[in-house]
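Quick look at what Swiss-Prot annotates:
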type: COILED; residues: 131-223; note: coiled coil
type: DOMAIN; residues: 281-493; note: domain 'B30.2/SPRY'
type: REGION; residues: 185-198; note: region 'Required for interaction with GABARAP and for autophagy'
type: ZN_FING; residues: 15-59; note: zinc finger
type: ZN_FING; residues: 90-132; note: zinc finger
Amino acid sequence: MASGILVNVKEEVTCPICLELLTQPLSLDCGHSFCQACLTANHKKSTLDKGERSCPVCRVSYQPKNIRPNRHVANIVEKLREVKLSPEGQKVDHCARHGEKLLLFCKEDGKVICWLCERSQEHRGHHTFLTEEVAQKYQVKLQAALEMLRQKQQEAEELEADIREEKASWKTQIQYDKTSVLADFEQLRDILDWEESNELQNLEKEEEDILKSLTKSETEMVQQTQSVRELISDVEHRLQGSVMELLQGVDGVIKRMQNVTLKKPETFPKNQRRVFRAPNLKGMLEVFRELTDVRRYWVDVTVAPNDISYAVISEDMRQVSCPEPQIIYGAQGTTYQTYVNFNYCTGILGSQSITSGKHYWEVDVSKKSAWILGVCAGFQPDAMYNIEQNENYQPQYGYWVIGLEEGVKCSAFQDGSFHNPSAPFIVPLSVIICPDRVGVFLDYEACTVSFFNITNHGFLIYKFSHCSFSQPVFPYLNPRKCRVPMTLCSPSS
């Protein structure tokens, strides 16, 4: 009874224009009351349309000077806003704003409303239906989405199990590798301590990086599974609850369910990793003795800029990289990129002029797919033609160099054959591990230039013998078209 009286009172203090509780109510001579904003808007419209002012309800004319604030109604509205509804009025099937039963479903807003809500400005023009008419339709949608979610939950749990298994497998594998490294280096402890430490550090970093990534993936998989579980719980709660709970915000829930996409964990294929294998211990001992010997002649090499080379040089004169491709403007506004003089003219000489003695330096070429390095007797300005075919890279022209192209093809450049002396003889080089760091040793008096694969324990890559050094020679670097820099290493690195 009290709830019904309360509803009747609310109807009496509801604005006939906006159908909401009166805000700053104003009364006319006829006794009708309106919100101040609603009456002002109606007054402007009436003046424009007819030139007269009349009550929006009974059409009785009024004078603006007779409009008065209705404080009594304002007090009633204020009390109504403070009054709590009775337990009966607090039922979930009644509108919290108007106290009417929630019998309608608004398609645009995806929620249940009462008949007064339907007539309010908020829902004006929206498509509304009886809740009984749409409940079954949304129940079918939710059920279908729930089945899909359960399948994704199973997939998520399988992914979570797989990542845990892979994490354990990686840990076991790397622990085994560490043990193997320790056993292999024990036989060469006196001269291989630094190599053992380096190898273990690489494995530790590999373990740290991979396990860190896998742990991160595991956390993401756990969060992903939990997210799906929570969404399933929400849907099950709706399906088990009342029609009102089922429909309230149902479109948003369905959209969330349909947008669920399982993220695959990051994996690391074991067949692509670098696996440590101990070389022949006797041969390795000889290699280390040779490398240790030539490293006694390590000189601090930097490059010397010149007007011939297009190479980009760092401020410390240690890094050399390929320039940006030039943009060529063609006919009808077309453009394309090209590397002008990309081979020979990106070469650069070291600043040290060598006329005698033994000299050693190392070049970091990690992550580069193409490079040329070695020793040069100086640029040949008259030999800057046919540069795309490497014609210049021959000992007869003063170049004792090796190079890499396409990331895997390592070659040495020798003099051309008797039948084709202008083209260099390309010597394919067999390297077990592609070098990330190359050591160059020049013995001026012995007329030799040797190249060492520092990445693979310092094994010899290639050696030029019987070199004809008729003039001063210089270290030579060419980054080719690969924009990753090549770096001259300092003796302390």
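Along the chain as shown, residues are numbered 1 onward.
Placed from the backbone N, Cα and C atoms, the Cβ positions cover glycine too.
For the zinc finger (90-132), the DSSP-based tally of helix, strand and coil residues reads 10 helix, 11 strand, 22 coil. Distant neighbours of the zinc finger (15-59): 66-70, 73-74, 77, 80-81, 116, 119-121; these residues of the same chain sit at least 6 beyond its ends, with a Cβ under 8 Å from one of its Cβ atoms. Model confidence over the domain 'B30.2/SPRY' (281-493) is summarised by a mean pLDDT of 81.
Across the zinc finger (15-59), DSSP classifies residues as 14 helix, 8 strand, 23 coil.
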